[in-house]
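Novice: This is the feature table in Swiss-Prot:
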type    : residues                                         : note
BINDING : 10, 11, 12, 13, 14, 15, 127, 199                 : ATP binding site
REGION  : 30-59                                            : region 'NMP'
BINDING : 31, 36, 57, 58, 59, 85, 86, 87, 88, 92, 160, 171 : AMP binding site
REGION  : 126-163                                          : region 'LID'
BINDING : 130, 133, 150, 153                               : Zn(2+) binding site
């Protein structure tokens, strides 16, 4: 089963990706992981990517797509894969389709976890962690016994810069601008599965599993 997984920050995408990996026995593949693996392995494309990244540049689509093609040709992808964070643009989606078509494959389903923006803001902006031991909390769902103080070591709690409300809203805006055209693209190809991302982890897993057998 060849899958793509979309989801805004804070939607629980990592948890659901792991569910797909364990349920269907297919690897989760992210662009970042692929680039790092290619660089570490010293492949020709990995060497090119490393040179660009060292100079602070953006790795071109040609290199990224080459690395994607190499990764999808590996033995562990024989039964399928879960692409996470790729494609990011319509040209990348078109190129991915060509890569797969060349080996007689296609994207079977695109899973899009749908969570209201305000819910995401509440989830992420409420997160706190201990400045000393790193234990995580949430002001609403998992608060400390004493406000602002770690239950374990008594140190102060801090909020990550990424979890500040303004930052979260900006990340959501970027996500929507980036994925809205892709969702339309895959909807027109009748492979988009929009999954409500509100509920327990198990409930969301059940929705995904049901969508994949339709």
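Yeah, the Cβs are placed from backbone N, Cα and C, and that goes for glycine too.
Since this is a predicted model, take the numbers as computed values, not measurements.
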Novice: Rank aside, I only need the closest one: which of the binding-site residues 31, 88, 150 has its C-alpha nearest to that of residue 15 (ATP binding site)?
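Specialist: The answer is 31.
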Novice: Determine, to the nearest whole angstrom, how far the Cα atom of residue 12 (ATP binding site) is from the Cα atom of residue 130 (Zn(2+) binding site).
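Specialist: So the alpha carbons of residue 12 (ATP binding site) and residue 130 (Zn(2+) binding site) sit roughly 22 Å from each other.
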Novice: Measuring Cα to Cα across 31, 36, 57, 58, 59, 85, 86, 87, 88, 92, 160, 171, which the record gives as the AMP binders, how far apart are the two most distant ones in Å?
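Specialist: Max Cα-Cα spread across the AMP binders: 32 Å.
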Novice: Sequence-remote contacts (6 or more beyond its ends) of the region 'LID' (126-163), Cβ cut-off under 8 Å?
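Specialist: Residues packing against the region 'LID' (126-163) from afar: 171.
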Novice: Helix, strand, coil: count each for the residues of the region 'NMP' (30-59), based on DSSP.
Specialist: 22 helix, 1 strand, 7 coil
Novice: Near residue 160 (AMP binding site) in space, meaning Cα within 10 angstroms, which of the binding-site residues do we find among 10, 11, 13, 127, 133, 153?
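Specialist: Those close enough are 127.
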Novice: Taking the Cβ of residue 88 (AMP binding site) as the centre, count every other Cβ atom within 10 Å, in any protein chain shown.
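Specialist: Its Cβ shell of radius 10 Å holds 14 other Cβ atoms.
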Novice: Taking Cα atoms as reference points, which of the binding-site residues 59, 86, 88, 133, 153 is nearest to residue 13 (ATP binding site)?
Specialist: 86
Novice: Measuring Cα to Cα, how far is residue 130 (Zn(2+) binding site) from residue 59 (AMP binding site) in Å?
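Specialist: Computed Cα spacing between residue 130 (Zn(2+) binding site) and residue 59 (AMP binding site) is 36 Å.
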Novice: Tell me which residues of the chain lie with their Cβ under 8 angstroms from that of residue 57 (AMP binding site), as long as they are six or more apart in sequence?
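Specialist: Counting only residues 6 or more apart in sequence, residue 57 (AMP binding site) has no Cβ neighbour under 8 Å.
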